2 protein chains.
Amino acid sequence: MAKEKKPRRPRAETPRGFRDYFGAEVRARNAMLARVTEVYHAYGFDPLETSAVETVEALGKFLPDVDRPNEGVFAWKDEDEDWLALRYDLTAPLARVYAQFRRDLPLPYRRYAVGPVWRNEKPGPGRFRQFYQCDADTVGSGNVAADAEICGMLAEAMEAAGIARGDYLIRVNNRKVLNGVMEAAGVLDPADPEKDAHARGIVMRAIDKLDRLGTEGVAALLGAGRRDESGDFTRGAGLSGEQAAVIMGFMDARRGDGAATCARLRELVGASAAGTEGVAELERIAEFLDARGLGSERVVIDPSVVRGLGYYTGPVYEAELTFEILDDEGRKRQFGSVAGGGRYDDLVKRFTGEAVPACGVSVGVDRLLAALTAKGRAAVAEPGPVVVTVMDRDRMAGYQAMAAELRAAGIRAEVFLGSGNMARQMKYADQRGSAVAVVEGGDERARGVVQIKDLALGARLAAAMESHEDWKAQPAQREIARGDLVAEVRAMLAGQG
Amino acid sequence: MAKEKKPRRPRAETPRGFRDYFGAEVRARNAMLARVTEVYHAYGFDPLETSAVETVEALGKFLPDVDRPNEGVFAWKDEDEDWLALRYDLTAPLARVYAQFRRDLPLPYRRYAVGPVWRNEKPGPGRFRQFYQCDADTVGSGNVAADAEICGMLAEAMEAAGIARGDYLIRVNNRKVLNGVMEAAGVLDPADPEKDAHARGIVMRAIDKLDRLGTEGVAALLGAGRRDESGDFTRGAGLSGEQAAVIMGFMDARRGDGAATCARLRELVGASAAGTEGVAELERIAEFLDARGLGSERVVIDPSVVRGLGYYTGPVYEAELTFEILDDEGRKRQFGSVAGGGRYDDLVKRFTGEAVPACGVSVGVDRLLAALTAKGRAAVAEPGPVVVTVMDRDRMAGYQAMAAELRAAGIRAEVFLGSGNMARQMKYADQRGSAVAVVEGGDERARGVVQIKDLALGARLAAAMESHEDWKAQPAQREIARGDLVAEVRAMLAGQG
């Protein structure tokens, strides 16, 4: 007879690259998102929640990260032969919604969206295949006032979330200016835009690596090429020293205020029509920001912002946190970017053939929450619920009534519903982070009293005690009249606050 | 030469069975969920947000709906050959989380979860392939006090959401009692539980159809079988008249109060050990509910609750809305169930081999929101933002400043960022549902005034007007000093309230 095979038990694991969020973390994130979206809402943006699943054809391929051109989506074939996929961002679904409902939507259409997105890419430390985004976009306005509005709104959202003024900076740049600089450097001919496309690709990727490689590394990539520490050689764009200097000048064009920076950029783009238009857009944005009183301690025109330039078609912006944190190796480094966006004018055209101007911003929710946590500004974890212990299982109904009384008074409370003696129940209350426990045994019930334990005080005292006798004599427990339960628990919680 | 093919444009459509949620609907749902989860939270439940994607082996096959045994999940093969899938409910992921993190989680573990789930089933009117659930479960307590707690919490959650007392009823039953009744009817032998499994399956499905088929239809299915209106014949369970009477008696066992109902059930289960245990559980639940003051106008023991009996192992409960609405054909019908749950003791065992008792409830979010909307109790759609119109594009910075002033005073406001004349802008404000528009042209600016339009009043007046001259003379527009903008807009909004 064949040996009977024991069925293998399923592994209790999230798939690789996915994670769960527990308790205080969920509440802190929800509180942060509520504060951010209330700012979006005040600016006239309306919420939109699209389905997580889209057809692959509707999603298209517009992943914004230059560094990861091959990253994919999670996709499968539906029974009616359509390919479906999980959305990889909140912008592609917006383009689909706008094309689908454009007859019913206001024009311009301002919307915000919050939700998970999915990327089928290699997971790594701190890099997950599902993460939250929190976006705001304006579809149907070609006016750079819309970009300026989003920059101002982003500054307000940062402060609403809990990032103090001075700890963040909204940096604004313009893709058209880079195109102008490319023209001035002789690697872009507006009459023949395909020419030198390969060299421009290398330039773009080099610029994007400024943070990591520094000025010298980028200069090498603009020229003949660069050999990294491992000895690998990356071919450069082959620009002459003079050409490279124009590009490097672009990244280094930031001056004391927006007007001075724009003046410097105007020099750099020379006769380029695109470049001149881009500089004029930045000038208008600077003017709007001034009128709103958003000074350079909050929003700056900064040509060194290069992230996403390859994806956007006009102004680009990012929110950078300027304070330092310690990285995994204990080195100080600047926290960096927590939000980015810009103008993208071609997404809706895919569907309708009609060009629809649009711009928007996406907040990296997990990074912003990490920043708030680093600054101690995330929603503080509240203590756990008051735990009503169970000394006598036949009295369960009475314990339930106590918890209900406490809740009716606005105090979070629960009855211990597991099994185990008082030590086990106290351990449970400790694990819950509870501040108060309630005890009523047969003796207490007969006398119309209950014991309430100050678990926070108890923990402090226990740390200082030497013997079990000390523990039993500790003042962290008090006997009170049953009728005073709510008032006494409330006073104990207030005393801990 | 081959004709050049024009690339086909992607269709701007959600996949079949998926939908988007806009504006007020998103806010109404979020407000409702916040109220419900605050009740869960007050009871000591902690939030948990699991990943949307699970391995297929972790999900298993525990779909609770007897009627749809073949419904599927959305699944695909990962690059490392694991099958992944979107979660189809929030309970299967909870079992996985509990098994994965059981060493770190408190015991019992009370958690709530809110989020979309996905079902790969045929979509239909009002039936989508992505929908929200809002669950609360207690893992690790075998005490029916946990079930009673959830029933009481569900009643509170209904009232917090906006369902008035008297408009809902939490109905409680017990799977073990049904098993006892099956024993008494001679279709379940505890010594040989496989015997008569087929007949019991038919009985279960018949009971589940009571709502649709009525007493007579169910009786036919318990006996020889039933021919429906189309002439199709469904084979019955083949029970004798006497056997069927026992089953029918179970569904009809509800009496004036919990004690009387339990007494009747005790007669029906006869000598069955399982049945007797089930009745005792219901008695304890009734006792807990009485102690909490939850009378039969809120929670009742009701053996006619059969939904989900096939899935659960002990007590089952559902929240039913008792008011009537008009269905699609204009007929009155009771709104019906908006939440259901019960005790399920085997989900964690799949992973660990260890039985872990658990119970919980799931709220059908879309149905509850539909009920609130039907009762006019969903969050009322607020008016759209104040629209600052653009008469002079060179004055954009000034208009932005006006909107910012209004927002700083807590008034939702935006500048019109599209293109078009005043009529177009008024149409936009109308489409936004705005209550107030602000107009400042060159003349007003020179005089230091602005016009504010009461759009709500204007719409009422316009409805009563006959000529364009009436329209121009309408009192819905007022000239105010620029410096009084915030105060005057606030007064106008208050006057409309």
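Positions of Cβ are set from backbone N, Cα and C atoms, glycine also.
Residues annotated as L-histidine binding site in TrEMBL: A:D89, A:L90, A:T91, A:R119, A:Q133, A:D137, A:R307, A:Y311, A:Y312. Here the Cβ of A:T91 (L-histidine binding site) has 23 other Cβ atoms within 10 Å, regardless of which shown protein chain they belong to.
Summarising the annotation, TrEMBL assigns domain 'Aminoacyl-transfer RNA synthetases class-II family profile' to A:1-383. Looking just at the domain 'Aminoacyl-transfer RNA synthetases class-II family profile' (A:1-383), the mean pLDDT is 90.
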Show which residues of the chain containing A:R307 (L-histidine binding site), separated from it by at least 6 in sequence, have their CB under 8 Å from its CB.
-> A:D208, A:V316, A:E318, A:S337, A:G340
Translate the DSSP assignment of A:Y312 (L-histidine binding site) into the three-state scheme.
-> coil
Cα-Cα distance, maximum over A:D89, A:L90, A:T91, A:R119, A:Q133, A:D137, A:R307, A:Y311, A:Y312, record's L-histidine binders, Å = 21
